[in-house]
Amino acid sequence: MEAIVQAPTPEGVGIVRTQRMHWTTPLTLTSGATLGPITLAYETYGELAPDRSNAILILHALSGDAHAAGFHSPTDRKPGWWDAMIGPGRPFDTNRYFVICSNVIGGCRGSTGPSSPHPSDGRPYGSRFPLITIEDMVHAQQRLIDALGIDTLLAVAGGSMGGFQALAWTVEYPQRVRGAILLATSARSSPQTVAWNYIGRRAIMADPRWRGGDYYDSDAPRDGLAVARMLGHITYLCEEKLEQRFGRRVDGDALDLGPRFAIEHYLEHQAARFNDRFDANSYLVITRAMDNWDLTARYGSLTAAFDLTRARFLALAYSSDWLYPPAETYQMAAAAQAAGRSFTTHLITTDAGHDAFLTDVAAQSELIRDFLNRLMTE
């Protein structure tokens, strides 16, 4: 296969811009409802090979977006959410691969979601936005891949909800995906995960400022979204990391009901940051899509689902991940192997919890690099 080779640039992909693709033709959703027109925000890194064989689609988790790598301006304080993994010489090597990342439908970072204008009146969808599924997200992404002129993806890759999408790609479009990289993910949302998500949604809907989802002309339900984010953020860590990072350090009056412990201040900080960049209705819509994710229920058995796939799989599990624990990765491996599929699993020992797929770069880099190398040389 032919790939573009460029001179190395150790500083990463540099300054990038978010692009948008628009479609006037409505998307028919799993529910039978339609959504349209549709906009997808996306970014690309590297160059597409002349034979279009080197494209990799990166799929983000709940709070992610299209900005996976690089900076939007020289004054940006932080790069994209997976910058350490994408760039020249990095696992998703932009000297070799054409890397794409898009914001999911239902989101609030440039793609069509509840805060987008409704085509009938130009006002935000709000409560009128339809419920979507992980498969709906993938069907929208398929339009983007078509528009970019790509027939077959070298790989799809994602962690957490991004892993849901990667799996869905291999089932929905088996002839268009050669490899799938699954990190800290599962073939279904467990009852525990559904419970955490429900409590978060309940907090948002109990905020008087939610107003049934139609709050865009007034104050947003910041208190409810803050509680949802705090709860969710705890599930991304683990007890060992919390003890190591915060212990029982205090900064405040023991008789005050406000934040006193270091962990409380940390959660308040995370909630405030999240409120500044995320929409409460998007949180509701996306977490419900996550709850409904279940390949076994959709296809009768997990083995039957994998029987539909043609891709090679690399799955990374993380020892301290209690949101999508390693046992769920092993269940996928058993089902895939029963279906005769190539499914390689690695357990990474870490104290970073579920967030390890974002932070434990060194531990996972060579595994991903080697997997992609094999795909390119087959």
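Keep in mind that glycine also has a Cβ here, set from the backbone N, Cα and C atoms.
According to Swiss-Prot, the feature domain 'AB hydrolase-1' maps to 54-359, an assignment based on sequence analysis. Annotation source Swiss-Prot lists active site, nucleophile at Ser160, citing sequence analysis. For Arg229, Asp355, the entry in Swiss-Prot reads substrate binding site, with the evidence type sequence analysis. Under the heading active site, Swiss-Prot lists Asp321, His354.
Annotated features taken from Swiss-Prot, shown on the structure.
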residue	record	DSSP class
Ser160	active site, nucleophile	coil
Arg229	substrate binding site	helix
Asp321	active site	coil
His354	active site	helix
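You'll find the Cα of Asp321 (active site) roughly 4 Å from the Cα of His354 (active site). Of all Cβ atoms in the protein chains displayed, 23 besides its own lie within 10 Å of the Cβ of Asp355 (substrate binding site). For the pair Arg229 (substrate binding site) and the residue listed as 'active site, nucleophile', the Cα-Cα distance reads 16 Å.
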